[in-house]
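What follows is a short report on a single structure.
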Amino acid sequence: MDPMELRNVNIEPDDESSSGESVPDSYIGIGNSEKAAMSSQFANEDAESQKFLTNGFLGKKKLADYGDEHHPGTTSFGMSSFNLSNAIMGSGILGLSYAMANTGIILFIIMLLAVAILSLYSVHLLLKTAKEGGSLIYEKLGEKAFGWPGKIGAFISITMQNIGAMSSYLFIIKYELPEVIRAFMGLEENTGEWYPNGNYLIVFVSLGIILPLSLLKNLGYLGYTSGFSLTCMVFFVSVVIYKKFQIPCPLPVLDHSVGNLSFNNTLSMHVVMLPNNSESSDVNFMMDYTHRNPAGLDENKAKGSLHDSGVEYEAHSDDKCQPKYFVFNSRTAYAIPILAFAFVCHPEVLPIYSELKDRSRRKMQTVSNISITGMLVMYLLAALFGYLTFYGEVEDELLHAYSKVYTFDIPLLMVRLAVLVAVTLTVPIVLFPIRTSVTTLLFPKRPFSWIRHFLIAAVLIALNNVLVILVPTIKYIFGFIGASSATMLIFILPAVFYLKLVKKESFRSPQKVGALIFLVVGIIFMIGSMALIIIDWIYDPPNSKHH
């Protein structure tokens, strides 16, 4: 009997509890949706899976305790909201300012609200399907709906999402660890040394930290890492808001001899023109005259308006410091996939639901409403203030953009270190369910093998390292995974499972019609986004020197 199977779940009342008395040791360890596809862990019954579940997630509980198909939930409403918020929050927040820069503020807000509302509706469909289908496992719902192909489809979508998550975390290490090393060692951008090279660093971190952690048979630190990840993202948003009011526009050129931007009203400032990759015309940047004196530049041309920081700049006819409200270009195609990537939490909804104390669909829907709304606010703040800091110069990974104006800044350094620790500890958590699912599909009912355990982890880490080294920018990971697996998990799979498994409603009922429309919208999003992204790859090939 599958430990998470609920034979009688379809008679559970919507507004009443289906759980019994509470038992100790709440389920507090669900990670990021980009961290773990929990369904594959619960579905597996091999020794590794059982060890992972009983030691890594369920504390002192035995797996046998879940043999009761109607086992009681133990996790409070508040902790469930925290767990789901943590499942939603991930590396996708770092790409939202880039999405706003390529859609405009108003269009981005409309799209953000739309994806959030559609995610809530998707959770509603998923919860109802789980009730009617009698299972709290994503792959099992696929199997009940379409047999083996449905199970494989769910497995591939969840695995792709987790591989994309692993790659995005390794990209963050590739981007941010060199900046931390440069800050501590006082190095300039291009010194020719090997140790600030992000490609080397991700290999060293993978071999020295990620692979050893991935060889553990259980990950008991998951709950602590999850809480730390969410805390560091809150800190990240706070620093983004704070830095908006410190960094002037146009962006001054970083003076490496000083190490930070320091503005002095008594110093003469020269305006120089530097190319702006994201716009057709140039952007006005500032240079300190005491360090650089561009030939042929008239000192009188440096006069202009005075910012509160004391930085003078020359007004330009095409002012780059004005926010754009509606933007459409080739990079706009990445907006919806980035947003979809940021809101994926659906593989974790059902495990969190199964552990909710006094659970009901209505209560779990409220948990989802609170969690998604909270993350919506954080996403909007991070995107808006990040965009209003850099405008058209924003990077596809927001933290990396601050390297343009700082080499050593304590708040940013703290954020970078916190994010680096969080993502480094999270990569093994993402790898665990992928390995468990691969083991379940390829080596069913085989005894645990350390050799297989090691080889699967090593191959997955090696493939992700190659991917991160070869792909020049994180936006392609956000874009491709968001347009494919994230769209499948948010739109397509919940809708088709609902249409297939919920039998008591006629196909012409408003609920089924709504699910059908939702499915069509998801297919359009998926095909449209993938087509536009591929066109962008063809006509605007990646610039390898971008990072």
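Indices start at 1 and increase along the chain as displayed.
Placement of Cβ uses the backbone N, Cα and C atoms for every residue, glycine included.
What Swiss-Prot records as N-linked glycosylation site, among N83, N264, is residue N264. Topology note: N102 and F184 share a membrane side (same topological domain name in Swiss-Prot). Looking up C249 in Swiss-Prot gives a disulphide bond whose other cysteine, out of C232, C321, is C321. In Swiss-Prot, the annotation N-linked glycosylation site falls on N260, out of N260, N369. The stretches the transmembrane segment (105-125) and the transmembrane segment (454-474) do not meet in space: the count of Cβ pairs below 8 angstroms, excluding pairs fewer than 6 apart in sequence, stays at fewer than three. It is 27 Å from the Cα atom of C249 (disulfide bond) to that of C232 (site 'Influences on amino acid transport capacity'). Taking the topological domain 'Extracellular' (536-547) as a whole, pLDDT averages 63 in the prediction.
Of the two recorded stretches, the transmembrane segment (152-172) does not lie close to the transmembrane segment (370-390), with fewer than three CB pairs under 8 Å once pairs fewer than 6 apart in sequence are set aside. All protein chains shown were included, and the count of other CB atoms within 10 Å of the CB of C249 (disulfide bond) stands at 20. Distance between Cα atoms for C232 (site 'Influences on amino acid transport capacity') and C321 (disulfide bond): 29 Å, as a whole number.
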